Amino acid sequence: MAVQINPSILSADFSRLAEEAKAVEGADWLHVDVMDNHFVPNLTLGVPIVESLSRATDIPLDCHLMIEDADRWAPQYVEAGAGSVTFHAEACAAPVRTAREIRAKGARASMALKPATPIEPYEDLLPELDMLLIMTVEPGFGGQAFLDIMLPKIRRTRELISKHGLELWLQVDGGVSASTIERCAEAGADVFVAGSAVYGTDDPAAAVRMLRDQATGATTAAGWACDH
Ligand SMILES: O=C(CO)[C@@H](O)[C@H](O)COP(=O)(O)O
Ligand SMILES: [Fe+2]
């Protein structure tokens, strides 16, 4: 399968979420940023809105939990209809148990790393996950500038995935746009979250197609196969 483009509804109009989901038809997943004003200094939405959104769109929901006490909350987002649930390593006391619980309830389990959190301590945990998210901005807000100092971490993570022969997807989130997506793809990312670069344009569906073309081209040129 090809690279995946996941528009982030953080940059959409929250009063028209169902329509905003329709505006990105063709996207692989809809990225839903859940923030609790504790783990990050911003507050967005929670379980009831995820439940409503999952009924309003056929695009599967990729829930990115930027919340404390992720162990307790993550399974509730699966029950609310998320197809993929990402908890932060920094907010999770029992990542193996939580990942297993997410999978047991039928969703994909994913773990996110803030920019200052290294991947190396989590190497042995990777087989428990379906996706790893490398933040390329400090979590909390859309529209921030891409941190290109994260590129070596993306590269090292791709090497670990290859070394262990894992099927793990590698997602990047934050500042992903037409001017940064190729560098992410070349470094080894295969799932791309884009908020302002999609919803900040007049034609969000066309933006998704353009980002997909760019990422596919860079992945092919880099010579590593995206095999999911
Ligand atoms: O998780 C986050 C921010 O914390 C992201 O998902 C943003 O919503 C991405 O927005 P852009 O940087 O693409 O505008
Ligand atoms: Fe996100």
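Note that the numbers count up from 1, one per residue, in the order the chain is shown.
Backbone N, Cα and C define each Cβ position, glycine as well.
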Please pick, from Asp173, Asp190, Asp202, the residue that TrEMBL records in the divalent metal cation site together with His31, Asp33, His64.
Asp173
Counting distance between Cα atoms, which of the recorded positions Asp33, His64, Asp173 is nearest Gly140 (substrate binding site)?
Asp33
Contacting recorded positions for ligand 2, chosen from Asp33, His64, Gly140, Asp173, Ser196 when the Cβ sits under 6 angstroms of any of its atoms:
Asp33, His64, Asp173
Using the Cβ center of Ser8, His64, Gly140, Phe141, Gly142, Gly143, Asp173, Gly174, Gly175, Gly195, Ser196 as the substrate site position, which other residues in that chain lie within 8 Å, going by their Cβ?
Leu10, Ser11, Asp33, Val137, Gln144, Val193
By Cβ count within 10 Å, point out the most packed of the binding-site residues listed: Gly140, Gly142, Gly175.
Gly175
